[in-house]
Amino acid sequence: MKHKTLGFIGAGNMASSLVGGLVADGYPARTIWVSDVDEAKLDALSLKFGVNVSGDNRQVARLAEILILAVKPQILREVAEGLADIVAETRPLVLSVAAGVAESSLDRWLGGDQALVRCMPNTPALVKSSATALHANGKTTSAQRSEAESILRAVGVTVWVEREEALDAVTAISGSGPAYFFLLMEAMENAAASLGLDPETARLLVQQTALGAARIAIESEEGPAQLRQRVTSPKGTTERAIGVFEERGLHEIVRDAVAAAHARAVELARELGA
Ligand SMILES: NC(=O)C1=CN([C@@H]2O[C@H](COP(=O)(O)OP(=O)(O)OC[C@H]3O[C@@H](n4cnc5c(N)ncnc54)[C@H](OP(=O)(O)O)[C@@H]3O)[C@@H](O)[C@H]2O)C=CC1
Ligand SMILES: O=C(O)[C@@H]1CCC=N1
């Protein structure tokens with residue numbers, strides 16, 4: 001199978017997770033190019049994964065058959081406008097992972113009439129466990145949609161959303177979501193320390209518990225509420241803990257936190273879409 005040349009613009013957290021996952025899945029490193037303004041990040045990527053790197057976005061854009069825009073939303077316009085002439089000439093499939101940047105804005109910045117797929121992956125892509133939602137604009141062919149999907153499927157699960165606006169909800173759930181679980185893990189490590197467990201033991205127990213809970217949730221027919229009940233013995237320890245979570249409003253906290261992330265994605269689109 002011929003692998004298309006991938007060009008990543010931006011070598012930060014999300015791009016490096018995608019690159020790492022793709023290389024781990026067997027995507028040939030020699031067909032991956034990455035550019036960034038930060039030479040240290042490029043050196044690290046080249047050393048770790050053997051991919052080609054460049055300080056010149058335009059060089060990478062020229063080589064790319066599939067161009068993946070992975071810079072911060074706030075500088076995407078400047079970056080896209082700087083590549084518009086090349087994109088108009090070479091017509092790569094363009095993927096954007098940016099939160100809150102509408103396809104219509106990106107299309108305009110790239111000069112118009114461009115095949116675009118917006119994706120919202122997450123950093124577990126690095127270990128091929130990403131959850132990605134995709135939405136394509138009207139200029140993409142079904143072959144291009146399949147190409148986009150196969151790249152993201154190589155690093156985890158994928159789902160298409162019918163409405164582009166749904167990507168803002170996806171961003172608030174699975175794009176940002178790994179950080180919510182990490183926060184809970186941090187809090188559990190701190191709680192373990194306050195009960196006298198040493199940090200290494202606490203970390204091991206918390207990590208394996210998170211992994212076990214995620215695996216059983218994926219592999220079981222039962223939903224999270226039922227699985228939780230299986231841990232919760234009547235008059236036991238879990239019941240007491242769950243009581244505290246509920247008394248303090250965990251469901252409301254999570255709902256409000258996700259709503260805040262969603263509102264920020266919508267706000268970004270308004271701020272950056274002009
Ligand atoms: N992190 C995540 O979990 C997720 C992120 N995303 C999206 O991915 C995108 C990137 O986010 P993330 O990886 O976290 O951000 P990072 O800041 O880690 O990565 C962006 C990289 O782009 C570099 N950069 C800045 N200006 C330019 C330029 N003109 N040309 C080329 N590279 C440049 C930055 O360098 P410097 O730091 O020196 O400015 C940085 O290395 C965002 O749009 C975000 O919404 C989507 C899903 C999840
Ligand atoms: O925090 C952010 O804005 C990005 C998008 C989703 C995860 N990280």
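Glycine is treated like the rest: Cβ placed from N, Cα and C.
Features reported for this protein in TrEMBL:
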| type | residues | note |
| --- | --- | --- |
| DOMAIN | 6-100 | domain 'Pyrroline-5-carboxylate reductase catalytic N-terminal' |
| BINDING | ILE9, GLY10, ALA11, GLY12, ASN13, MET14, ALA70, VAL71, LYS72, PRO73 | NADP(+) binding site |
| BINDING | ASN57 | NADPH binding site |
| DOMAIN | 164-268 | domain 'Pyrroline-5-carboxylate reductase dimerisation' |
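All protein chains considered, the CB of ILE9 (NADP(+) binding site) has 26 other CB atoms within 10 Å. Around the Cβ of ALA70 (NADP(+) binding site), the number of neighbouring Cβ atoms within 10 Å comes to 26.
Between the CA atoms of ALA11 (NADP(+) binding site) and the residue listed as 'NADPH binding site' there is a gap of 11 Å. Listed in sequence order, the residues of the same chain lying 6 or more apart from ASN57 (NADPH binding site) and placing their CB within less than 8 Å of its CB are ILE9, SER35, VAL79, GLY82, LEU83.
Reduced to three states, the DSSP call for ILE9 (NADP(+) binding site) is strand. Across the residues annotated as binding NADP(+) (ILE9, GLY10, ALA11, GLY12, ASN13, MET14, ALA70, VAL71, LYS72, PRO73), the two Cα atoms farthest apart lie 14 Å from each other.
Proximity of ASN13 (NADP(+) binding site) to non-local residues of its own chain (separation of 6 or more, Cβ distance below 8 Å) is seen for THR123, given in sequence order.
Residues near LYS72 (NADP(+) binding site) in space but far in sequence (CB under 8 A, at least 6 apart, same chain), listed by position: GLY10, GLY12, ALA98.
The average pLDDT computed over the domain 'Pyrroline-5-carboxylate reductase dimerisation' (164-268) stands at 98. Under DSSP, residues within the domain 'Pyrroline-5-carboxylate reductase dimerisation' (164-268) fall into helix, strand and coil as 87 helix, 0 strand, 18 coil.
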